[in-house]
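Trainee: Pasting a structure below so you can have a look.
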């Protein structure tokens, strides 16, 4: 009897969090997380825009049209790397008192040569793998929209970017990135809504995509046929074009390099007023990196449905 009494008292004294949660508590929690994101809005928007340039914007949509949603792994993998940047790497960089990645390696291993070597290597890689693709894709967009010459568009983009960067420094770059993030996200959402309305909603996407075959094909090839696993995020490790093993383990290594040690990305976090602002910026950027699947990749898949005659199957693709 005593045991039953004790159990009854224990049960009566326990409580369920959901029963104790009032509307006011929920409001406080929402405000708390909103303020955390607000303090890092400039850093988070700059982190997102620095990775989501015109080249990646066009590339994600094109890859989605060609092979489906598996390319989302490149975006979603960044969410974990961004959190590692703010909670693991940035505190080390701040305590070291460094400004650039070459400077950190010099302090860590000593010697001026390693700093010069990494600086030169970083510049070369940025020019040939990042800046060139962004310039080309941006100039291509201007050419399509305004009908300007491709080379003229490239030169004008270089001049405008150089002027506001030299005049305003890193602050101007971050504010411009924030503006670009707003424009890209808003434009992508509008595009996604119109695209889904055009095919009758998300429920029709898979069926319509699997039937989207271009009118012009290359004989003796199968690249014009939509992939049967187009709606699979994790694909076969042997026959998949983007195997889940590589997207999970191999890509995580590359994502850590890019998001945690690349000068362009790390510089944004180091420019935060405090470590708390850097963490808030990484959280916001992580949320933003969830969007491309729905507002870039899936609209790219829908473009294959709406414009099958524009899709081309190239030999050796």
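Numbering starts at 1 and runs along the chain as it is shown here.
Including glycine, each Cβ sits where the backbone N, Cα and C put it.
Quick caveat, the model's predicted, so the values are computed rather than measured.
So TrEMBL has the following annotated:
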type	residues	note
TRANSMEM	26-49	transmembrane segment
TRANSMEM	56-74	transmembrane segment
TRANSMEM	80-102	transmembrane segment
TRANSMEM	114-131	transmembrane segment
TRANSMEM	151-175	transmembrane segment
TRANSMEM	182-202	transmembrane segment
TRANSMEM	242-260	transmembrane segment
TRANSMEM	281-302	transmembrane segment
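I'm curious about the neighbourhood of these features; can you describe it?
Mentor: Long-range contacts of the transmembrane segment (80-102) within its own chain (CB-CB distance under 8 A, at least 6 residues past either end) are made by residues 47, 108, 114-116, 118-119, 122, 252, 255-256, 258-263, 265-267, 269-270, 275, 278-279, 281-283, 285-286, 289.
Long-range Cβ contacts of the transmembrane segment (182-202) within its own chain (Cβ-Cβ under 8 Å, at least 6 residues beyond either end) map to 45, 49, 52, 57, 208, 288, 291-292, 294-296, 298-299, 302-303, 305-306.
Here the transmembrane segment (242-260) has long-range neighbours at 51, 67, 70-71, 73-74, 77-78, 80-82, 84-85, 88-89, 234-236, 266, meaning same-chain residues at least 6 beyond its ends whose C-beta is under 8 angstroms from one of its own.
Outside the transmembrane segment (281-302) by six or more residues, the chain places 36-37, 40-48, 51-52, 57, 60-65, 68-69, 71-72, 75-76, 78-79, 82-83, 85-86, 181, 185, 188-189, 191-192, 195-196, 198-199, 202, 205, 208-209, 230, 268-269, 272 with a CB less than 8 A from a CB of the stretch.
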